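Taking it in order: structure first as structure tokens, then the write-up.
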Amino acid sequence: MTYCKRGTEGLIYLEDGTLLRGCGFGAKGVRYGEVVFTTAMNGYPESMTDPSYRGQILIITHPLVGNYGVPNPIVRNGILQNFESEQIQIEGLVVTEETDPSKWNSSKSLHQWMAEQGIPGVSSVDTRLLVKKVRTLGSMMGVIASGEHVEDPRKYIEMRYDEIDFTKFTSPKSPIIHQNNSPDIIVLVDCGIKHGILEELYKTGFTIVRVPCKSSADEIMNYSPKGIVFGNGPGNPNILKDLVKNFSAVMEYKLPTLGICLGHQVATLALGGNVRKMKFGHRAINKPVTDISNNKCYISTHNHGYGVYKEDIPPDTQIWFVNPDDGVVEGLIHKRLPLITTQFHPEARPGPNDTTWVFQKFKKMVIKDEGN
């Protein structure tokens, strides 16, 4: 029997019938969600607060998690510098070993943080076995329990991940303004934005106005923006009909537009392309993407379970980036409209900053458009 240092047992269940028992940490309780994994070796506070993980149970493949604890939030200009949102977004966390922290700026342990926010965790389980299951069979629904006796985990799965519009949980209810040196406005359609994206946009010097995910084209254009950004967010893009419709309406104004992650997928759908569920997705901070225009390869951060393939791209677009590992299209450029997209996260957080220049490219598009 596994010795649990906190005296709490836990379990992780996959819908294929796999059931592993280990040690519980964090909050006591039972949660269900889509089981996914990340190969990132660090950056767990950023990953766990990334709204794109909403509705998912996250397995971290690195064997030791919690080493450097959890810092106090640092906020500048209304933007978090060391978290991607104000709360933990994942449904639960699965690790091989949950360790006690040892770092000068740690304010609390991973266990304490998760307990405070009501998120269960399970450790002392074979994460390699779980990841191999997900890689072989694909992402699947699962149940995580900490400190709770669960007879039949299957009964806790209420809905399929692909059927839920998670943006209603991650989008702001009203507009949020980040005033900057320039009065010129960039409207950011916020379906669950990472604060790393906010920070990079703020560095462009423009005032950023975050509007709710389902904002209409008229509501967006009321701000007289110089450019528009459709950011990341959780869930299945194919069920976000209103968002796709609004994207199409916004593009009629021919303003410089940047789509990131979910924004890339929504752009693809709005322009007549297809977006497919991937077998187990890309979730890592060291994924390669190749710029087709110059054959340069960059290392980038990814978090997506849906993808666009070469045969799926919309008319009048050309591939900008592609993942050389599996051929997934990681960026598009429109041939006639001032639109660029990336499936990967050019802001990283966590991850390398090889592609932060994408935001400067967008800034140049906005300035060029102003000069016309």
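Glycine residues also receive a Cβ, built from the backbone N, Cα and C atoms like all the rest.
Since we're looking at a predicted model, the values are computed, not measured.
Among the features that Swiss-Prot reports, region 'CPSase' is placed at 1-186, with the record citing sequence analysis. The feature L-glutamine binding site is assigned by Swiss-Prot to Ser52, Gly233, Gly235, Leu262, Gln265, Asn303, Gly305, Tyr306, with sequence analysis given as support. Look at Swiss-Prot and you will find 185-372 tagged as domain 'Glutamine amidotransferase type-1'. Residues or ranges marked as active site, nucleophile by Swiss-Prot: Cys261. Positions annotated as active site by Swiss-Prot: His345, Glu347.
This view paints the features noted in Swiss-Prot onto the structure.
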| residue | record | CB count, 10 Å |
| --- | --- | --- |
| Ser52 | L-glutamine binding site | 28 |
| Gly233 | L-glutamine binding site | 28 |
| Gly235 | L-glutamine binding site | 28 |
| Cys261 | active site, nucleophile | 30 |
| Gln265 | L-glutamine binding site | 29 |
| Asn303 | L-glutamine binding site | 27 |
| Gly305 | L-glutamine binding site | 22 |
| Tyr306 | L-glutamine binding site | 21 |
| His345 | active site | 29 |
| Glu347 | active site | 26 |
### Alpha-carbon spacing, Asn303 (L-glutamine binding site) to His345 (active site), which is rounded to whole Å
8
### Task
May I ask which of the active-site residues Cys261, His345, Glu347 is closest to Gly305 (L-glutamine binding site) if we compare their C-alpha atoms?
Cys261
### Summary
What DSSP gives for Asn303 (L-glutamine binding site), in three states, is strand
### Query
Hey, what's the widest CA-to-CA gap across Ser52, Gly233, Gly235, Leu262, Gln265, Asn303, Gly305, Tyr306, the L-glutamine contacts in the record, in Å?
13
### Query
In the predicted model, what is the mean pLDDT computed over the region 'CPSase' (1-186)?
97
### Listed active-site residues Cys261, His345, Glu347, filtered to Cα within 10 Å of Ser52 (L-glutamine binding site)
Cys261
### Task
Sort the residue listed as 'active site, nucleophile' into helix, strand or coil using the DSSP assignment.
coil
### Task
Report the residues of the chain - excluding Ser52, Gly233, Gly235, Leu262, Gln265, Asn303, Gly305, Tyr306 - with C-beta within 8 Å of the mean position of the site's C-beta atoms, for the recorded L-glutamine site, in sequence order.
Asn232, Pro234, Asn236, Pro237, Cys261, His304
